[in-house]
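> Okay, handing you the structure first.
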Amino acid sequence: MLSSQKTVSFHDGRSAPQLGMGVWQVENDIASSIVKTAIDIGYRSIDTAAIYGNEAGVGRGIAESSVKREELFIATKLWNDRHGHDSTKVAFEESLEKLGLDYVDLYLIHWPVPKVGLFVDAWECMIQLRDEGRAKSIGVCNFNVNHLEQLLDQTGVLPVVNQIELHPQFQQAELREFHAEHDIVTEAWSPLGRGRLWDDPTLNDIARKRQRSVAQVMLRWHIQLGNMVIPKSVTPSRLEENWRIFDFTLNDDDMAAIARLDRPDGRDGPDPELFRLLKA
Ligand SMILES: NC(=O)c1ccc[n+]([C@@H]2O[C@H](COP(=O)([O-])OP(=O)(O)OC[C@H]3O[C@@H](n4cnc5c(N)ncnc54)[C@H](OP(=O)(O)O)[C@@H]3O)[C@@H](O)[C@H]2O)c1
């Protein structure tokens, strides 16, 4: 295991590994073995969600690993049809039971679903779960500035993390600036752009120059921006490759070149203002 893994600090006094592993689209029955493999490589942070249908597999992987629970950082998410105070509490208990844990390190609202308009109720419940110590930290995903402002205005509590789509073609400068001003950690989902960027000439030039892969260059870029980052892979050799990003750096020219890859139409996933899927 490489010892130079970095951590980020939260405004609630806690901290998290900067690099973790995502498990979206990982089947429940392979989740346990791939989580165990990742932990053996050195990963300590796993990002799952109720809607991924693999919390039980992730929990088995954790239980079968040789690493103590308190050394791991486990995050899961509340799905869109469970917003509201009481339903959030029930959904949280279901997630804990599937994971086989008595607390999670980070509990996240998966999408704001503003048309339903219950994310503040969900947030109030999550504040309680945090105060009870069952969710050590609480955060959100896919919140725009106006959603974050509503949480602040109505509860006085901001998330420690906002997990958002973020990769070289979709850099979300305005939202990241708001995060920086309010001490919210930016966490990048689809940090590799879900495979659309392998042929990009700029990334390939930098990768050749640094004798690294394009994936490693993108992940290193996230690390140097200060993002938490959770690449997904079910391929052990890629998990290893994605882990080896703490022994090289990108210089200012590399960072500036990647900054220029941002595109107004770079979003790949849904627009958080509109997304309202209730059932998978
Ligand atoms: N909060 C949200 O709304 C939200 C939305 C989407 C995702 N997420 C989270 O973010 C995580 C990551 O996002 P993502 O899964 O969308 O996309 P991603 O991590 O950007 O890309 C995953 C894809 O890249 C491949 N890959 C990984 N490492 C590679 C490497 N070194 N070389 C070549 N290919 C590589 C994987 O293939 P193989 O698996 O076949 O190796 C997979 O097809 C998810 O798993 C999930 O935890 C959150």
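Residue numbers in this text run from 1 along the chain shown.
Any Cβ shown, glycine's included, is placed from N, Cα and C.
Okay, so TrEMBL annotates it like this:
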- Y52: active site, proton donor (ACT_SITE)
- H110: substrate binding site (BINDING)
- 19-262: domain 'NADP-dependent oxidoreductase' (DOMAIN)
- K77: site 'Lowers pKa of active site Tyr' (SITE)
> Using Cβ atoms only, which residues of the same chain lie under 8 Å from K77 (site 'Lowers pKa of active site Tyr') while being at least 6 residues apart in sequence?
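For K77 (site 'Lowers pKa of active site Tyr'), the qualifying residues are T48, A49, A50, I51, Y107, L108, I109, H110, C141.
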> For the residue listed as 'active site, proton donor', write down the residues of its own chain that are at least 6 apart in sequence and whose Cβ falls under 8 Å from its Cβ; none is a fine answer.
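Listed in sequence order: V23, W24, Q25, V26.
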> So, in DSSP terms, is K77 (site 'Lowers pKa of active site Tyr') helix, strand, or coil?
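Where K77 (site 'Lowers pKa of active site Tyr') sits, the three-state DSSP reduction gives strand.
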> Could you say whether, by DSSP, the residue listed as 'active site, proton donor' belongs to a helix, a strand or a coil region?
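Once the DSSP labels are grouped into three classes, the residue listed as 'active site, proton donor' ends up as helix.
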